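Copied from Swiss-Prot, the annotated features are:
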ACT_SITE  Asp215  active site, proton donor
ACT_SITE  His290  active site
DISULFID  Cys39-Cys65  disulfide bond
DISULFID  Cys217-Cys234  disulfide bond
DISULFID  Cys340-Cys346  disulfide bond
DISULFID  Cys368-Cys377  disulfide bond
CARBOHYD  Asn317  N-linked glycosylation site
CARBOHYD  Thr385  O-linked glycosylation site
CARBOHYD  Thr388  O-linked glycosylation site
CARBOHYD  Ser391  O-linked glycosylation site
CARBOHYD  Thr392  O-linked glycosylation site
CARBOHYD  Ser398  O-linked glycosylation site
CARBOHYD  Thr403  O-linked glycosylation site
CARBOHYD  Thr404  O-linked glycosylation site
CARBOHYD  Thr416  O-linked glycosylation site
CARBOHYD  Ser418  O-linked glycosylation site
CARBOHYD  Thr423  O-linked glycosylation site
CARBOHYD  Ser427  O-linked glycosylation site
SIGNAL    1-18  signal peptide
Amino acid sequence: MRALFLLALGSIPALVSGQLSGSVGPLTSASTKGATKTCNILSYGAVADNSTDVGPAITSAWAACKSGGLVYIPSGNYALNTWVTLTGGSATAIQLDGIIYRTGTASGNMIAVTDTTDFELFSSTSKGAVQGFGYVYHAEGTYGARILRLTDVTHFSVHDVILVDAPAFHFTMDTCSDGEVYNMAIRGGNEGGLDGIDVWGSNIWVHDVEVTNKDECVTVKSPANNILVESIYCNWSGGCAMGSLGADTDVTDIVYRNVYTWSSNQMYMIKSNGGSGTVSNVLLENFIGHGNAYSLDIDGYWSSMTAVAGDGVQLNNITVKNWKGTEANGATRPPIRVVCSDTAPCTDLTLEDIAIWTESGSSELYLCRSAYGSGYCLKDSSSHTSYTTTSTVTAAPSGYSATTMAADLATAFGLTASIPIPTIPTSFYPGLTPYSALAG
């Protein structure tokens with residue numbers, strides 16, 4: 001339970017001072033829920049033998065405790081052969097201290113929580129985990145189930161748990177509100193379609209999370225408002241993003257702050273191709289990157305998605321500031337790449353204190369198209385007519401040098417062998433400790 005009005009709003013520009021619209025997290029503590037009623041899955045048929053299907057036991061324990069209580073999954077190894085859909089909870093929690101191993105082969109969601117309020121999923125030891133064994137699918141060029149999906153969940157938190165090797169996406173928050181996600185490690189295979197965290201909804205704080213994969217690190221989708229994402233470690237990932245954005249996009253009041261990105265697709269991307277609607281009031285602040293394919297990549301003609309009918313998604317009032325580090329090859333992929341729709345130009349953009357230098361060669365490019373505002377290759381004009389400009393930079397920008405993280409991976413995890421369960425880091429951004437100490 002956190003009253004996040006106490007965040008230092010004075011340090012945030014006025015355009016995004018309302019990034020959170022109220023308090024986030026569960027309304028009742030896990031200890032209070034446990035004191036009301038505790039439903040130990042061992043009492044409902046679970047056996048920690050990594051063989052007996054734990055799905056029915058979790059479902060039964062939830063039914064007994066969903067109206068007020070705590071579902072307890074003790075330490076030990078459990079096999080999940082049938083997926084669990086947990087619905088209609090109120091003032092309930094799941095304490096995951098054991099490790100759940102996927103043995104089932106169905107599609108869908110291994111663990112789904114829906115239509116629930118005042119909810120908490122956590123490990124008291126920071127060692128609770130779900131191992132998806134996605135490599136079994138990926139080695140054959142296929143995908144399977146997603147690990148965790150929350151749908152229409154309000155006043156919630158997910159923390160101190162580990163998600164590993166999802167057959168598809170790792171963690172999705174679908175139309176959720178007033179939530180907090182923190183102190184997590186997510187580790188997946190090195191290919192697309194294995195998203196780390198996808199979130200759409202309202203008033204959600206995601207912080208102190210490490211993601212390894214090759215797709216979304218922490219990504220906001222539409223519709224979304226008042227989302228705060230900070231202290232994120234994209235450690236050989238796809239990188240953080242917004243989108244993809246299509247018809248009737250509605251995204252506003254989004255803050256990403258203190259994001260460290262290593263050997264990823266990009267430091268941040270906003271991706272669309274046609275479509276309609278708006279993205280407004282966005283702050284991308286304090287980013288460090290090394291070894292990434294792209295750095296800032298706003299692409300209104302993103303070729304990896306099929307074009308959507310419409311003039312394009314209108315981006316307005318976007319601020320990018322205090323970015324440092326290096327990029328793999330800034331001459332082939334501009335560190336500043338702002339490509340907006342000619343028929344829906346970006347307006348009121350601010351690029352400030354961006355210092356990214358190429359790791360290969362001695363020059364890099366900045367590219368802007370139909371993008372208006374201040375800084376670098378943006379045009380400052382009220383006409384908002386289409387244009388494209390490319391500038392060549394031949395000297396390293398002042399202040400680009402930035403620290404690395406000791407836990408930066410030397411190589412990605414492959415697709416043909418089991419990915420080990422990691423420990424949750426004690427830092428997710430250089431020089432910062434988590435807002436909340438790890439549990440246990």
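Any Cβ shown, glycine's included, is placed from N, Cα and C.
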Of the recorded positions Cys234, Cys340, Cys346, Thr416, which one has its Cα closest to the Cα of Thr388 (O-linked glycosylation site)?
Cys340
In three-state terms from DSSP, label Cys65 (disulfide bond) for me.
helix
Within 10 Å of each Cβ, count the other Cβ atoms, then let me know which of the glycosylation sites Ser391, Thr416, Ser427 comes out lowest.
Thr416
About how far apart, in whole Å, are the alpha carbons (Cα) of Thr392 (O-linked glycosylation site) and Cys65 (disulfide bond)?
62
Can you tell me which of the recorded positions Cys65, Asn317, Thr404 is spatially closest to Cys217 (disulfide bond)? Compare CA atoms only.
Thr404
For Cys346 (disulfide bond), what is the tally of other C-beta atoms lying within 10 angstroms of its C-beta?
28
So which of the disulfide-bonded residues is most packed in, judged by how many other Cβ atoms lie within 10 Å of its Cβ, out of Cys39, Cys217, Cys377?
Cys217
If I take the Cα of Thr404 (O-linked glycosylation site) as reference, which of the recorded positions Cys234, His290, Cys368, Cys377, Thr423 has the closest Cα?
His290
Are there recorded positions among Asn317, Cys340, Cys377, Ser427 that sit within 10 Å of Thr403 (O-linked glycosylation site), Cα to Cα? If so, list them; otherwise say none.
none
